[in-house]
Amino acid sequence: MSSVQLLYLIIGIVLVDYFFDQLLDFLNMKSAKSKLPEELKDIYPPEEYAKSQRYLKARSKFSFLTTAFNTTLTVLILAFGLFGDLHIWLSAHFTSPMLHSLAFFGVLFLVSDIINIPFELYSTFVIEAKFGFNKTSLKTFWADKLKGYLLVVILGGGLGYVLLWLIFEWQEQFWIYALIVITAFSLFMSVFYTSLILPLFNKLTPLAEGELKDKINAYAERVKFPLDNIFVIDGSKRSSKANAFFSGMGKKKKIVLYDTLIEKQSDDELVAVLAHEVGHFKKKHVMVGMAISVVQMAITLYVLSLLIFNENLSMALGAEDLSVHLNLVAFALLYTPISKLTGILMNMISRKNEFEADAYASTTYNPVPLQSALKKLSVDSLNNLTPHPAYVFVNYSHPPLLERLKHMDKFKKPE
Ligand SMILES: [Zn+2]
């Protein structure tokens with residue numbers, strides 16, 4: 001393909017992807033029901049339900065604006081060859097091809113992040129605040145931003161440097177070494193995330209002795225789950241939305257509970273939520289998930305190795321000769337349809353896993369408190385209860401609440 005044809009193809013992919021997402025958003029908005037589903041009459045007060053409909057509208061409108069803005073910007077940058085201009089401008093300042101590439105991505109990241117700051121501010125301090133979710137102060141917002149940049153420079157810069165070195169050193173064969181490096185990096189992150197990254201943003205305190213801790217430990221012991229430590233994280237510093245997760249591997253597993261979750265749920269409900277998470281480990285979802293992402297990464301890197309030294313790609317983006325960083329950008333855009341498809345596949349697997357974890361919690365603990373915990377979580381975060389099936393198919397990593405409740409009904413003991 002000539003560079004002009006490639007440019008048209010890339011712009012075409014950006015636009016098709018945009019309209020595909022818009023169509024799904026539109027269907028999803030249309031499928032919002034003003035009537036409250038029967039199953040939730042006991043917990044969703046009518047005025048809260050009306051509020052959830054307004055929240056969905058506000059978020060959809062906002063995402064319509066931001067994606068329209070960012071898509072227009074991308075298309076204009078492509079059409080005017082601005083990626084190529086940036087590349088040429090930087091080449092006057094950097095003689096080392098590696099530093100040139102790193103600087104290119106640095107500028108790209110910084111500019112696109114700064115352009116999106118007004119949207120982030122509006123989302124947090126106007127929309128989330130209006131619906132009572134936001135607990136962040138401007139001070140925390142900017143501190144987060146700074147720490148985020150620092151992490152990008154250290155982790156992103158470090159990993160980027162290694163990957164670029166592999167490309168320059170090993171040429172087309174780089175992909176196999178890159179796969180090893182990326183896999184090692186993500187293993188490292190999954191082991192040390194809670195102890196290294198999380199404390200930069202949040203305060204973690206061990207769960208106080210008491211009934212809740214005893215109940216969690218008793219359950220973990222009964223199902224032979226190697227629980228190392230239980231932490232409470234100050235999620236309330238930023239948002240009233242609640243969450244819980246596990247981290248760690250092998251014999252040392254940590255549970256992290258949001259303070260906002262503990263505040264709203266009973267002990268029984270909290271143990272049920274954790275039983276669900278334990279189910280993910282027991283059913284090997286975490287291990288299998290990692291294996292799948294390694295395979296996915298291998299395919300991505302291999303396809304990249306076929307394109308990374310194609311001069312026409314750089315020229316499509318406005319350069320006069322081959323540049324590795326321009327080809328990486330072109331590749332990222334060209335690869336969108338494939339990553340969309342793998343994303344859908346991953347979501348399908350994830351939704352199946354959620355049902356399995358619900359079943360595990362229901363059989364080893366109790367479906368009733370898990371059902372009420374999930375209902376509370378949905379109501380508190382004003383979740384959309386009637387998403388469009390097509391939207392769910394593409395975007396949902398978890399089955400919609402009503403499907404999960406119905407599935408758990410099967411495990412209820414007859415009275
Ligand atoms: Zn889950």
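Using the three backbone atoms N, Cα and C, a Cβ is placed for every residue, glycine included.
The C-beta environment of GLU277 (active site), restricted to residues of the same chain at least 6 apart in sequence and closer than 8 Å, consists of ALA244, PHE245, PHE246, ILE255, ALA357. Marked as active site by TrEMBL: GLU277.
Secondary structure at ASP358 (active site, proton donor), as computed by DSSP, is helix. In sequence order, HIS276, GLY279, PRO367, LEU370, ARG404, HIS407, MET408 constitute the residues six or more apart from ASP358 (active site, proton donor) in its chain with CB-CB distances below 8 Å. According to TrEMBL, the feature active site, proton donor maps to ASP358.
In this structure, HIS280 (Zn(2+) binding site) is part of a helix by DSSP. Sequence-distant neighbours of HIS280 (Zn(2+) binding site) (same chain, 6+ apart, CB under 8 A from its CB) are PHE246, VAL286, ASN353, ALA357. Per TrEMBL, the feature Zn(2+) binding site maps to HIS276, HIS280, GLU354.
Among the features that TrEMBL reports, domain 'CAAX prenyl protease 1 N-terminal' is placed at 29-203.
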Model confidence over the domain 'CAAX prenyl protease 1 N-terminal' (29-203), averaged pLDDT: 92
